[in-house]
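A.B. asks: Take this structure first; my questions come after.
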Amino acid sequence: MGLLERLRKEWFILGIVLVIAVARLEPAVGVKGGPLKPEITITYIAVSAIFFNSGLSLKTEELTSALMHVKLHLFVQIFTLVFFPTAIWLFLQLLSITPINEWLLKGLQTVGCMPPPVSSAVILTKAVGGNEAAAIFNSAFGSFLLGSSSSVPFTSIFSQLFMTVVVPLIIGQIVRRYIKDWLERKKPPFGAISSCVLLMIIYTTFCDTFANPNIDLDKFSLIIIVFIIFSVQMSFMFLTFLFSTRNNSSFTPADTVAIIFCSTHKSLTLGIPMLKIVFAGYEHLSLISVPLLIYHPAQILLGSLLVPTIKSWMVSRQKVRIAGFDL
């Protein structure tokens with residue numbers, strides 16, 4: 001394989017390295033309130049583009065089928081909102097005897113209670129070729145479910161989810177009806193489009209990370225927290241993979257991809273407002289926020305790096321399933 005062909009194949013990984021490097025050099029460009037205005041361009045325009053793209057690319061019967069996949073939805077929601085926080089709480093009982101700052105540990109506990117995000121889990125599932133429709137449903141439903149049961153303003157959460165997820169998805173489906181033949185004939189690069197949007201999200205996320213004074217910890221604490229967060233993510237991704245690929249699970253490889261990302265990703269957009277409300281007046285709020293501020297870019301980075309590996313696994317398993325049916 002020539003160098004140019006190799007670069008073309010690995011363009012997404014190279015893009016991740018590039019956008020992180022640019023964010024590190026000049027984070028002020030992509031922070032909230034900066035020239036790029038990510039609070040508008042990312043939170044609303046980019047996320048809406050993701051779901052409009054999904055509405056165009058997904059067949060209506062796929063969305064309907066995903067909606068009826070109750071077993072998958074139960075798996076994701078129970079893992080996200082029950083197993084995840086419980087496992088983190090038990091893990092923190094062991095960490096409590098270590099010299100790690102207690103407020104950082106409280107921050108880790110709050111991370112476990114957060115819902116999945118409505119963007120990164122969907123984009124990564126699409127990049128792999130997994131069950132995108134199921135990822136859309138579970139990401140939006142998890143945010144809606146936890147938001148409606150917390151002290152975060154319900155109206156603002158519902159309206160934002162409706163305008164950035166539901167409306168673009170419906171519009172995409174309507175447009176698809178009129179250009180369906182053209183889409184099937186030309187086969188636009190929907191996956192590449194979503195990957196480019198993800199690079200924008202990674203860039204602005206790391207701009208916020210590098211510019212945020214709350215992560216100005218001593219190096220030992222920062223290294224420990226980063227190590228714990230990556231370990232938690234890897235462990236839980238592996239667990240969801242094991243649970244969803246058991247012989248009696250009945251999940252397809254595409255289902256497993258959606259489960260891995262939706263069950264282990266956590267929302268920063270909903271998480272920060274929740275922390276500010278729940279811990280209002282706490283002098284250690286900044287320390288409590290640190291784990292979530294690290295978890296968010298870490299999940300995007302780790303998930304993006306694992307896309308080729310997970311995609312290779314999914315394709316190979318799908319070939320095995322097809323061969324098995326042919327027999």
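Every residue number used here counts from 1 along the chain in the order it is shown.
Any Cβ shown, glycine's included, is placed from N, Cα and C.
Just lifted these from TrEMBL, have a look:
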type	residues	note
TRANSMEM	12-29	transmembrane segment
TRANSMEM	41-58	transmembrane segment
TRANSMEM	70-92	transmembrane segment
TRANSMEM	157-178	transmembrane segment
TRANSMEM	190-211	transmembrane segment
TRANSMEM	223-244	transmembrane segment
TRANSMEM	256-279	transmembrane segment
TRANSMEM	285-307	transmembrane segment
A.B. asks: Given a Cβ distance threshold of under 8 angstroms, which distant residues of the chain, six or more beyond its ends, lie next to the transmembrane segment (223-244)?
C.D. replies: 75, 79, 84, 87-88, 91, 95, 100, 104, 108, 111, 217, 251, 255-256, 259-260, 263-264, 290-291, 294-295, 298-299, 302, 306
A.B. asks: Counting Cβ pairs under 8 Å that sit 6 or more residues apart, are there three or more between the transmembrane segment (256-279) and the transmembrane segment (70-92)?
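C.D. replies: Output yes: the transmembrane segment (256-279) sits against the transmembrane segment (70-92).
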A.B. asks: Give residue numbers and ranges for long-range contacts of the transmembrane segment (157-178): same chain, 6 or more residues beyond its ends, CB-CB under 8 A.
C.D. replies: 43-44, 47-58, 60, 63, 118, 136, 140, 143-144, 147-148, 270
A.B. asks: Excluding the flanking five residues on each side, which residues at least 6 beyond the ends of the transmembrane segment (12-29) place their CB within less than 8 Å of a CB in that stretch?
C.D. replies: 35-36, 127, 195, 199-200, 202-204, 206-211, 301, 304-305, 307-308
